[in-house]
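K.L.:
Got a structure for you, written out below as structure tokens; questions coming shortly.
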């Protein structure tokens, strides 16, 4: 199943403000760019990903997207759910059977996790990867692209599950080490360092 894969990224000056106790603004912005570029490289290595879009209101990131060889879907900074609705419309316009949303702050992401998520996807269906707290959503795959409305935010895991039940479509959850950890707080940053140290 061919998909449009999108990576949502906030404006650089607003991104990762909760990391302020651990990182200066320039370091936070560099981290956001690095993670976004890494996510795009991983998506490009997955054959089922037909088109990649960077979902951002930030003009500087839009210029980087061009350099990275992906299209920019400019959202109007009204929030992640509005941005994902824009991506849903784009996937339908491209006549692609599925949409994949991968948050751009997953430092342990790998191609196998993406392939696994897409292998689980049925149509009509939803695949979601929860965060490490078991309440959020770090990856969401939808077939068809508009099978449910996006419900990112607090307790999004449960809201996406309810939406899938309401749509009477298959829902599968993927618990993956590569997908559970998103970088939001100094605690997350320390956890990533511990995981990487343990791999050496």
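First residue shown is number 1, and so on along the chain.
Cβ from N, Cα, C; glycine included.
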K.L.:
From the candidates 135, 137, give the one listed by Swiss-Prot for the same phosphoenolpyruvate site as 153, 156.
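P.N.:
Among the candidates, Swiss-Prot records only 137 at this phosphoenolpyruvate site.
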K.L.:
Can you list, in sequence order, the residues of the same chain other than 137, 153, 156 whose CB lies within 8 Å of the CB centroid of the phosphoenolpyruvate site?
P.N.:
136, 151, 152, 154, 155, 157, 159, 160
K.L.:
Around residue 156 (phosphoenolpyruvate binding site), how many other C-beta atoms are within 10 angstroms of its C-beta?
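P.N.:
Other Cβ atoms found within 10 Å: 22.
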